Amino acid sequence: MTNIRKTHPLIKIINHSFIDLPTPSNISSWWNFGSLLGLCLIIQIMTGLFLSMHYTSDTTTAFSSVTHICRDVNYGWLIRYLHANGASMFFICLFLHVGRGMYYGSYTFMETWNIGVLLLFTIMATAFMGYVLPWGQMSFWGATVITNLLSAIPYIGTTLVEWIWGGFSVDKATLTRFFAFHFILPFIITALVIVHLLFLHETGSNNPTGLNSDADKIPFHPYYTIKDLLGVFILILSLMTLVLFFPDLLGDPDNYTPANPLNTPPHIKPEWYFLFAYAILRSIPNKLGGVLALILSILILALLPFLHTSKQRSLIFRPITQTLYWMLVANLLVLTWIGGQPVEHPFIIIGQLASISYFSIILILMPISGIIEDKLLKWSL
């Protein structure tokens, strides 16, 4: 009798993707984040679905409906905080996943990498629109400030902003369309994830050495299913600790005040996972320049395959670029800190220096160090 797992048209696809998938035998725990991101996406879609059953996308009732979810709906508080903190976990896993890709040279899989960059943009857009929905002070002013950036686009800017708003300010029409987009985008993300995996399985996974591992492959199940399960337990433990003990740790207290267009909060800032990009945006005095720098801070990832100058794929045997990589990580942490600070001395200059070094490390220093390391390797032989 033939095995249904290997013959059934549908089950066969799942089998080749998660069970009999040939996987390098030496991939470390840094390769766990793909499955953790899948889990985060499932958690977000499920909690979001239940929240949408009780939420109303109307400016007069949105804030009250969120309060109603927390107070009156069975385990509504749990669903709400799982969704809010689940987004933070999603971004932690995302940043680690992208960081792993940069360190081990996974960006040489061009199609997989570019779909990944597109996914990052889509997830960021989804998270931004989700932050607007509770209709607190930071929701309203965050939406106003960020959408207003589009007015920097020459000629069509103002028209574009009013078109997105559905009026002359952020109001009922804006909230309704943001809710519609926030609901549909996770399903588009799911489709993109499938394409991301499709391209990945065309080439097979990268590994810490960056070398071809065709000669040493093992089946994904049971080896990596068990390994991924450890990551799943750690993720769930971290998320539940956050939700049950510190649910508001990563949120903004201003968002517990209903949106008021007549009262501007003293410091308008986005969620913590956007602070690095927000710091880059603020570090440029010109509005259009700031917007371009903001977009480029993420889009720069798509340039990585073209900036790769070394003969080696991974950074595992490249000490100079390794040092630059960790400088970049530290730099991003500084940018995240600066993004949450008020626009005053010394934070302005620190933000500008950190922004310059962010682009310098990726665009100039890393490609140069790749060439230097190749030369050193040639001389040492």
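Cβ coordinates are placed from backbone N, Cα and C, and glycine is handled just like the others.
Values in this document were obtained by computation on a predicted structure and should not be read as measured data.
Straight from Swiss-Prot, the features:
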BINDING   H83, H182  heme b b562 binding site
BINDING   H97, H196  heme b b566 binding site
BINDING   H201  ubiquinone binding site
TRANSMEM  33-53  transmembrane segment
TRANSMEM  77-98  transmembrane segment
TRANSMEM  113-133  transmembrane segment
TRANSMEM  178-198  transmembrane segment
TRANSMEM  226-246  transmembrane segment
TRANSMEM  288-308  transmembrane segment
TRANSMEM  320-340  transmembrane segment
TRANSMEM  347-367  transmembrane segment
*What else in the chain is close to the transmembrane segment (347-367), if you only count residues 6 or more beyond its ends and a Cβ gap under 8 Å?*
279-280, 282-284, 293, 296-297, 300, 303-304, 307-309, 321, 324-325, 327-328, 331-332, 334-335, 338-339, 341
_Folded-back contacts onto the transmembrane segment (113-133), same chain, C-beta under 8 angstroms, at least six residues removed_ = 55, 57, 62, 66, 87, 90-91, 94, 98, 101, 106-107, 139-140, 142-143, 146, 174-175, 178-179, 181-182, 185-186, 188-189, 192-193, 195-196, 199, 270-271, 273-274, 298-299, 301-302, 304-305
*Cβ neighbours within the same chain of H83 (heme b b562 binding site) - under 8 Å, at least six residues apart*: Q44, T47, G48, L51
*Mind checking which residues of the chain, 6+ beyond the ends of the transmembrane segment (77-98), have their Cβ under 8 Å from one of its Cβ atoms?*
30, 33-34, 36-37, 40-41, 43-44, 47-48, 50-51, 66, 69-71, 116, 120, 123, 127, 130, 235, 238-239, 242-243, 247, 250-251, 271-273, 301
*Give me the Cα-Cα distance between H97 (heme b b566 binding site) and the residue listed as 'ubiquinone binding site', rounded to a whole Å.*
17
*Do you know offhand how many angstrom separate H201 (ubiquinone binding site) and H182 (heme b b562 binding site) by C-alpha?*
29
_In the chain carrying H182 (heme b b562 binding site), residues 6 or more apart in sequence that have Cβ under 8 angstroms from it_ = G48, T126, M129, G130, L133
*State the count of C-beta atoms found within 10 angstroms of the C-beta of H196 (heme b b566 binding site), not counting that atom itself.*
21
*Which of H97, H201 (the binding-site residues) has the most other Cβ atoms within 10 Å?*
H97
*Could you say whether, by DSSP, H182 (heme b b562 binding site) belongs to a helix, a strand or a coil region?*
helix
